[in-house]
Amino acid sequence: MDIAFIIDPIASLDPGHDTSVALMEAAQAAGARVWVTEISQLLIREGQVWAALTPIQLSPVQLVDGQWQIPQPWFELGALEWRPLNTFRAVWMRKDPPVNTAYLYATYCLDLVDPQTTLVLNSPAGLRHANEKMYALQFTSVIPKTIVTADKQRIREFVQQQGMAVLKPLGGKGGEGILFLQAGDRNLNSMIEISTQRGQLPVMLQEYLPAAKEGDKRIILLNGEPIGAVNRIPTGDEFRGNMATGGRVAAAEITERDRQICQTLAPALRRDGLYFVGIDVIGGYLTEVNVTSPTGVREIDRLNGTRLGQQVMAWLFS
């Protein structure tokens, strides 16, 4: 059984952090032969999608005294081969954002993979449909007060009404470009103009949730069901808890409120073929739905002694 992973260059991944590596290790442990490729290596010929793929053998990380120990080298590559993606049991689309033109074109290629032979996850159509900031807006009962606009006056009014707000670019990742806005800040107009490219680019504004100081919970969902969570806590003067911005991680429980949020999302996630998802929850409110390359599995496994990748593969092969 062969499984393909469409990823960023393998040497750029961090095996002690990247969920893609955890999934590849789990697939290998389950007896699958793992192959890797990149979006630039896709080909359509006679209506069939091919890829230049490389088989990979991984040396799994080991948990020692609460930390991941990484073997060196941690992977070994075989010979490059061109293969139709229809010959794989599953194809994981795990290319990191941004969702740019090249990314979108790759999803159109993946539309041609035969669903009778191969599961593509997440669904290419679902990836196009689910902007990671805006997808949450359909679930109005579980999100904080939110607007999306490029209009400076509307943004100023929202900040004035809330007192404090968080501005998010619609295409960012890892906390990039997120700003804390406060009524009365003399730099407010400048921050709005820069973020919206002088009113040409819409951004998201959400009410500031004081619970953010206590952490931003990442919950991993598999086919709509929560399977693990980790809390990401801001450090120093930083208001963002993202691991990419230096947030520290702590073990987290999946609460009844978290389960209610997941139940609210589950039908839409299943409808859109979004099988492996990471949602962000602050103070009992859904703030983002991460579908492109959600992370957090390594941190959850390290803090809880779990192996979520094994659970994912058991579902995939069932």
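Backbone N, Cα and C atoms are what each Cβ position is placed from, and that goes for glycine too.
Note on Leu167 (ATP binding site): other Cβ atoms within 10 Å of its Cβ, all shown chains, come to 20. DSSP assigns Leu167 (ATP binding site) to a strand. The ATP binding site annotation in Swiss-Prot covers 159-215.
Feature annotation from Swiss-Prot assigns Mg(2+) binding site to Glu288, Asn290; the stated evidence is sequence analysis. Note: Glu288 (Mg(2+) binding site) has non-local neighbours Glu132, Lys133, Ala136, Ile279, Asp280, i.e. same-chain residues 6+ apart with C-beta under 8 A of its own C-beta. DSSP gives Glu288 (Mg(2+) binding site) a strand state.
The domain 'ATP-grasp' annotation in Swiss-Prot covers 133-317.
Spacing of Glu207 (ATP binding site) relative to Asn290 (Mg(2+) binding site) is 20 Å (Cα to Cα, whole number). Just so you know, the Cβ of Gly215 (ATP binding site) picks up 21 other Cβ atoms within 10 Å once every protein chain is counted.
Glu207 (ATP binding site) falls within a strand when secondary structure is assigned with DSSP. Ranking the binding-site residues Gly175, Gly199 by C-beta neighbours within 10 Å puts Gly175 at the top.
Between the CA atoms of Asn290 (Mg(2+) binding site) and Gly175 (ATP binding site) there is a gap of 12 Å. Each residue in the domain 'ATP-grasp' (133-317) has a pLDDT score, and their mean in this model is 94.
Of all the binding-site residues listed (Val159, Glu207), Val159 sits in the most crowded Cβ setting, with the most other Cβ atoms within 10 Å.
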